[in-house]
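What follows is a set of notes on a single structure, which appears directly below.
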Ligand code: FAD
């Protein structure tokens, strides 16, 4: 039977290594590639203007690539469980395909949509391609528990073997019997909206440093993979949080939106490594992709992963509620130039280096401000181009020493840390031009500069730039004691003290599997 198919793009905004799209094309006469602007996911609290621009760019690129295959992208708005049944009827759909997505919201959404599809006789096929492995399998291999250490994850990955090889993008030959019927009204009914049409304020947008889209992703991947020596000697801790141009790949936004397949990334690295001496996980680039896998597995296996309460592996901490401190951190007004420069880069450009994320996350939580990691997570979710539910939650727990990492007495100094890789403070001068005339001696601590130097720099601390919000030396010591207390309160049976947690979240995953065809 020749099918009429909807391929539902959500993440996975690409044609290469897209097994669910290939499943849609198989035995298909009519293909409708659909993207849904879902008010739950696509709202201004979750998506900042930089990320909106990235998404719209990625959709345009996808539409361009589909057009080359004589197809089109159909963008619709609304709740998927409302929108899709209407489209099933309108287009007489017989098959729905999509990429497996393990976020709790996505699992519930997909479960609902799958039921609605089945009720209408629509076959549902989904495929794993957002992660290197089927992470359900990793959990199964670990006796139903998500591995809580990287070493354990690595050991399981080893027993499973290398990730599946990516599959090529569909060709004109694959599409020879497939049509996409679009009307003259397509732009009006199903076109990709502009940022203005979405009612977004584009005034804060700066240069588009990381344009969205699969073609840009593959171009950037190619560029990096040409640098054999750099790739082979890559060691994450040796990269710099405050270089003026990024010291790591910045492929994360492309991986998050699925413009770049993580398996393509993995296998391209394997090719570069072949025959060469190279670094290894956890510090290598392969190692970075395994970190991603680690947090994805944890996020699927640990209920309430993005919260402290109800999260069985997370240390319960009596974080303070200090809206003025939180606002100062978010708005780059802490009075610590290194922290404020990072938060400015985040707001302006949507990407900051991993160790810069360390510095500001530690500062907000256990280091200085004693504000819950959940608050930081929300700000990152909105401002990061690569905002990813699992990675954001997992890394915030790590940095706040709530889960995975327990050396809470190791605190980043908001002054000394940045100096290690940027003595002259060029990074601060770039993002906080107000401070650019301070001599290197004072650029990290302008409040220590004599009045005459502040005057000569044209910036008076307390008037033009704030005094430090807290005294790091004093507060960080107090906070270490508070953290010690929180650790002491953890019950001996607390799963966060043992090696793993029993998985309770299986029900939704199993529900979906029963309803959809797992391939
Ligand atoms: P590279 O070093 O070039 O690494 C290559 C790829 O590996 C990345 O693109 C990413 O997909 C993956 N990766 C690298 N580091 C990590 C890591 N620590 N954990 C998981 N995957 C990793 N990353 C996100 O993609 N989305 C987030 O929302 C996010 N939130 C974070 C929040 C905090 C508090 C911290 C400390 C880190 C967070 N990270 C997040 C992880 C990491 O900082 C970014 O993935 C990385 O900086 C992206 O830059 P890159 O592509 O140049 O990384």
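The backbone N, Cα and C atoms fix where each Cβ goes, and this holds for glycine too.
Range with TrEMBL annotation region 'Disordered', chosen from 105-132, 133-160, 161-188, 189-216, is 161-188.
For the binding-site residues 250, 289, counting C-beta atoms within 10 A of each C-beta gives the highest total at 289. Candidate binding-site residues: 289, 293, 295, 387. Those with a Cβ under 6 Å from ligand 1, in sequence order, are 289, 295, 387. For the compositional bias 'Basic and acidic residues' (173-188), the number of residues in each DSSP class (helix H, G, I; strand E, B; coil) is 3 helix, 1 strand, 12 coil.
The Cβ neighbour count for residue 248 (FAD binding site), using a 10 Å radius and every protein chain shown, is 19.
Secondary structure at residue 373 (site 'Electron transfer via tryptophanyl radical'), taken from DSSP and collapsed to helix, strand or coil, is helix. Across the recorded positions listed here (291, 295, 319, 373, 396), the residue whose Cβ sits among the most other Cβ atoms within 10 Å is 373. Nearest to residue 387 (FAD binding site) in space, judged by Cα atoms and limited to the recorded sites 319, 373, 396, is 396. Across the domain 'Photolyase/cryptochrome alpha/beta' (3-132), the model assigns an average pLDDT of 97.
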